[in-house]
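Only one structure is covered here, and it is reproduced in the block below.
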Amino acid sequence: MLKMESTQQMASSIINTSFEAAVVAATSTLELMGIQYDYNEVYTRVKSKFDYVMDDSGVKNNLLGKAATIDQALNGKFGSAVRNRNWMTDTRTTARLDEDVNKLRMMLSSKGIDQKMRVLNACFSVKRIPGKSSSIIKCTRLMRDKIERGEVEVDDSFVEEKMEVDTIDWKSRYEQLEKRFESLKQRVNEKYTSWVQKAKKVNENMYSLQNVISQQQSQIADLQHYCNKLEVDLQNKISSLVSSIEWYMKSMELPDEVKTDIEQQLNSIDVINPINAIDDFESLIRNVILDYDRTFLMFKGLMRQCNYEYTYE
């Protein structure tokens, strides 16, 4: 005999359809919010969360188990259905269900969803009207049952609350604000005046310093011009002195070797740098004095050999 599992297949189909609906709801919400997403990533994340919730809460196994019981009853096996009926009517099962309901209520209370909110959400639902800002409030079956049991009251009383109006003296408030504004204005003006005076003093000092710098620059330029002129004059004087000595040497009756030696020493004088030229002149004068001293000693020795005497006049 062919086994019938249509109820289990239907339950499995409902679960799969619920998962697809969850994926569509998630992607459409992201599109409405303008958030770009990867469909495969959203699909994977929703599937992982959906499978975890369905398995961890036991909802999936509960639905498939009840569907299997119905299929067994349809196949003529009523033992499982009888056991489920006995289990559902057992006092321990009822106590367990009450315990689960109480846990859920306490969980909702811990999340800030109090009894009033739970009752109102259970008694009413809101139906939006397309194209309009208004909506329709619908009563649920629980609300209808409460009306039938007389558990709904209409409070027509209107409590008129007297609105307390504080009397404010706007004139005194304005005067206080005006005084504060004038005081603030005066402080700002004083600070601004002090800043202007400091700025003027800084500008005066800066202009004075600029004048001093300009005068010093002018004096430095004059001194530089004088130094350059003095250096040129010294160079010309040294060059003229060298030429004069050279001309005077050539007019003397000296041997050619002596003239050549003195000429080489004159040519070695640095006419560009006056300091070096003075050192060269010093060396030349020392050499001349040394030659004169040697000549005098030779002349003195010669006169002694000839038995002559000499005197300075």
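These residue numbers are counts, starting from 1, taken along the chain as shown.
Just so you know, glycine gets a Cβ as well, placed from its N, Cα and C.
Features as listed in Swiss-Prot:
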- 166-237: coiled coil (COILED)
- 1-149: region 'RNA-binding' (REGION)
- 150-206: region 'Dimerization' (REGION)
- 170-234: region 'Interaction with host ZC3H7B' (REGION)
- 208-313: region 'Interaction with host EIF4G1' (REGION)
DSSP-derived helix, strand and coil totals, residue by residue, for the region 'Interaction with host ZC3H7B' (170-234): 65 helix, 0 strand, 0 coil
PLDDT averaged over the residues of the coiled coil (166-237): 87
